[in-house]
Amino acid sequence: MENTRRNFLKKVTAAGIGAAGLAVTDQAMAAVNQPGEAAQQKKKPAGKSDGMLRFGFIGTGSRCQEHINNVLGIQGNKIVAICDIQKGPLEKTLKHIAKFNVPEPKVYTGGEREFEKMLNNEEFDCVIIASPWEWHVPMAVAAMKAGVPYVGVEVSAANTVEECWDLVNVSEATGSHLNILENVCYRRDVMAALRMVREGLFGEMIHGTCGYQHDLRDVKFNDGIHYTYQEGGELRMGPTAYAEAQWRTQHSVTRNGDIYPTHGIGPVANCLNINRGNRFLSLTSMATQSRGLHNFVVDKGGANHPYAKIHFNLGDIVTSMIKCANGQTVIVTHDTNLPRPYSLGFRIQGTRGLWMNDGNHVYVEGQSKPHRWDASDDWFKKYDHKLWSTLELKAKEAGHGGMDYIMMYDFIDAIRNKKPTPMDCYDAAAWSAISGLSEMSIARGGAVVDFPDFTRGQWIHRQPAFAL
């Protein structure tokens, strides 16, 4: 059935929501593990004579606007076209672009396949996709097949194992470079910790923990007022809601797994050289009961609220353990339905020491006092990554503490110099596959499931490439 946003959103208001689900099958593990078939691709040159890189954007919500800030904040870029089916975000984005005193881009809107017209009509050096999750793969695949040399896709890049293979196969077949826009990999403390890992301070890597631990209850029932904790807001999800609540909440209704793993696993994967001398071998996942979203609805709207009748399938806390080829283990947690402060819960541990994000702790054997934590800030000042020390002033003006700017700068550097992307199709697939695999494992009572080798054996010889 055609994957349309309209059909997806209609599920939200249907009686007895929750029966749909996004199935994960064994066929996903094997049937798609074949080299991508030749794809028809328009050959479009990278860069015009004026030296400006040509960008297109699909999806014009708040993430798009932050990306536009950084694209236009870096010299040598222009926006050719933008696309969205909703007028409101388009108008906001056009006003946002106008602040930069640059030509207005061409606008594509109307039908849900309008992005295909944009891709076929315009020439781009890069297209950035910041749409609802279920559209990431169809749009990225369409962009690569249309001959766009570089495609940036927001997180998570894919929802199922099949979709992960689609990204890999089409990227390989077309030669287009896919980059997953995982901004946390560029967080300042994360990059400093990565440098410490690479310089051997923690010894041989043994274990990592991470997760997306973020109270999203207001995000999932957002009417545009309630999200900001103002009085008078209403619980909203589905077509009448605001921003992500239009589509994101439905994933909590129909799915049960780690549906948003990349903020945590991306940085840990870089520390473990995943896809570059190491790889994920297997995964097992378990989910708790689901209580948080129902309780939130009852607390805010009463026991008779229509949403109180919805069965939210997503366990409040989903815990996954991954085994790596080189022996390491990783624990990944998804926790978005309960009251809590934000944390990605990083722990990077080796034979000589570790970093723990919560508490800002570092311990290095032989340099730290025995059995006493050091403040991580003291270490991170010494091991600040060169991207941050070079771009700090510009980055501080950007979103998410500057990591969005650093990420876009690194991506644009690859585009302009026609290099492989910092976080490629194999990273996008391996990190995002946790979603589909965790759903499979939970459905089987926590059974161990094998991780596909999206590199088809290349991981043995591939060298680390991120933020060298």
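Easy rule for this one: first residue shown is 1, then count along the chain.
Just so it is clear, glycine is given a Cβ too, placed from its N, Cα and C backbone atoms.
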Given Swiss-Prot lists Tyr212, Arg248, Tyr260, Pro261, Thr262, His263 for substrate, the same-site residue among Tyr150, Tyr342, Tyr363: Tyr342
Neighbour tally for Arg248 (substrate binding site), based on other Cβ positions within 10 Å of its Cβ: 20
Spatial neighbour of Tyr212 (substrate binding site) that is closest, considering only the binding-site residues Ser62, Asp84, His136, Val155 and their CA atoms: Val155
Distant-in-sequence Cβ neighbours of His263 (substrate binding site), under 8 Å, six or more positions away: Val155, Glu182, Val184, Cys210, Tyr212, Leu344
Max CA-CA distance, Å, over listed substrate-binding residues Tyr212, Arg248, Tyr260, Pro261, Thr262, His263, Tyr342: 18
Rounded Cα-Cα span from Ala245 (NAD(+) binding site) to Tyr342 (substrate binding site), Å: 19
Of the binding-site residues listed as Tyr260, Pro261, Thr262, the one whose CA lies nearest the CA of Ala243 (NAD(+) binding site): Tyr260
Pairwise Cα distance for Arg248 (substrate binding site)/Ser62 (NAD(+) binding site) [Å, integer]: 15
Surrounding CB atoms that lie within 10 Å of the CB of Thr262 (substrate binding site), all protein chains: 30
